[in-house]
Amino acid sequence: MDEPLRKRQRLHSPTDLVADSPLAVPLQGLTCSICDEIPSNHYFTLITNKCNHPRNICPDCVKGWISSKLDDVDAENISCPGSVCSEVIQYENMGIRAVGSANLVRFGTLTTKALLSHDPNYRHCIGPDCISGQIHEEGADAPILTCHDCGFKACFIHTRAWHSDETCKAFDKRLKSEIAKDAKLKREAKKLKAQEEKSDRWVEKNAKRCPGCKRPIQKSDGCDHMQCSKCSHEFCYICLADYKAIRRRGNSAHKKGCVFAF
């Protein structure tokens, strides 16, 4: 039978803790090493019982630190906010005064889920907006996993919504086929891109771009007086000078270095 996460959480319920952390003590006149303020209640917290630095961090900074880290890292890897301390915060070190009741409950939930996640039969619920999880004791022998909290049905083996129209074996076969097809398409796209890049390099080396529309033009034979078939712009193929200017001014309109310039 599945065992809901909420049952396992009873092992670490916040109500089992004293209201104030035993590591929080009043120290008159001391400023917090993080915010540089004197707490109104003069309480300072040593975050873990392994910290060897002075008690110089106020409760507000501790709460803010833990709250931000609960969004960034695994709850079981949150370290002390002290600048020279790397001790990991343990659940049993906490109290409501030290971290705030909301953080305490959330920390307990996340650490419990992290602990349970080491069980190979544990799964987080992937249902919309559900944060529950449970141990599916039947494992792969009964692949339909139904969440005790929201009722969402997932596949225990594939960790996705239950594929009700096909067995896990059929799902695997289809998935492998789709992966192979996708890989083939990617190879073909990569080959096409390489061909296009090769063609672009050839064009840049062997053709010139129309000064009017930038279309690549390659001269095969004939004179150097070119007319673009796309925009009808006329220019000298050698120096790209505009033929309107050449008609008005003669060969002096060719650019310096052109065989027709003088």
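Cβ atoms here come from the backbone N, Cα and C positions, even for glycine.
TrEMBL entries are annotated by machine, without manual review.
Residues 175-205 are the range that TrEMBL records as coiled coil, among 113-143, 175-205. Per DSSP, the domain 'RING-type' (32-81) is made up of 17 helix, 4 strand, 29 coil.
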